[in-house]
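The structure appears below as structure tokens.
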Amino acid sequence: MCLPAKWLHPVSLIFRVAGIGLAAVSAAAMLTASQCTVYADYGWRPRTVTYSDFPAFVYLVAATAIATLLEAVALFLSWSKKGKSKKSWRVLTMLLLGAVVPALLYTSAGAAFAVGWEDIYYYLEPIGRRFSVCRSSVAGGRFCEHVHVSMWLALGAAVAVSFAEFLTTFRWCHGSGSCSDSDSDSDSDSESGCGHGCHCKH
């Protein structure tokens, strides 16, 4: 009989919930980084700069929103399959979500950091010059504050989801426990779910 490491499952669920929350708040923080009037020092009229003026920030909003929904599905599947037989479609779905969700979060956070790691610059097309959004006005500082918070939250969500996936994989492959020689393979597989391509040591 394989003795399951029972703590792995609830801990992975906690990190999934944390990832969902961080991703959702990240999207909300970026969405509120809007309608902040920034005054340029080049004699041009005031310009309202929003997150939608930067493709990387738009991608972050879309990616974190999608990741939130997908991770919610993963949380449901991970929670509902406890105590039930593990069907192949569930495992395949979990593996797919485990690859897609971190990819969305890491790429969106990386793209946002590439644009606004230290400062955020906006290009004034009519005069062909750019200015610092963060330093141009108090409103610009507020805009950048929201953007930076959103970036770090997206990165935190990516780390949380990755750790949840690590615990899930570890539980499938190693955390099912050790198998005793007195039990049959069929009993160990059916009772503790030592499957999914992983083998229990006898």
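We count from 1, first residue shown onward.
A Cβ is built for glycine as well, from the same backbone N, Cα and C atoms used for every other residue.
Here Swiss-Prot flags 1-10 (among others) as topological domain 'Cytoplasmic', drawing on sequence analysis.
Swiss-Prot lists 11-31 (among others) with the feature transmembrane segment.
Here Swiss-Prot flags 32-56 (among others) as topological domain 'Extracellular', drawing on sequence analysis.
What Swiss-Prot records for 57-77 (among others) is transmembrane segment, and it gives sequence analysis as the kind of evidence. Panel annotation: around the transmembrane segment (57-77), residues 13, 16-17, 19-20, 23-24, 26-27, 30-31, 33, 51, 90, 93-94, 97-98, 100-101, 104-105, 107-109, 111-112, 115-116, 147, 150-151, 154, 157, 161 of the same chain, lying at least six beyond its termini, place a Cβ under 8 Å from a Cβ of the stretch.
Annotation comment: Swiss-Prot describes 78-94 (among others) as topological domain 'Cytoplasmic', evidence class sequence analysis. Residues belonging to the topological domain 'Cytoplasmic' (78-94) score a mean pLDDT of 69 in the model.
Summarising the annotation, Swiss-Prot assigns transmembrane segment to 95-115 (among others) and lists sequence analysis as the type of evidence.
Sequence annotations record features per position, and here Swiss-Prot assigns topological domain 'Extracellular' to 116-146 (among others) based on sequence analysis.
The transmembrane segment annotation in Swiss-Prot covers 147-167 (among others). Residues 8, 11-13, 15-16, 18-23, 25-27, 29-30, 33, 51, 57, 60, 63-64, 67, 71, 98, 101-102, 105-106, 108-109, 112-113, 116, 120, 175 of the same chain lie 6+ residues outside the transmembrane segment (147-167) yet bring a C-beta within less than 8 angstroms of a C-beta in it.
Taken from Swiss-Prot, the feature topological domain 'Cytoplasmic' applies to 168-202 (among others), supported by sequence analysis.
Long-range contacts of the transmembrane segment (11-31) within the same chain, counting only residues at least 6 positions beyond its ends with a Cβ under 8 Å from a Cβ of the stretch, are 51, 57, 60-61, 64-65, 67-68, 71-72, 74-75, 78-79, 101, 105, 146-147, 149-151, 153-154, 156-158, 160-161, 163-164, 167-168, 171.
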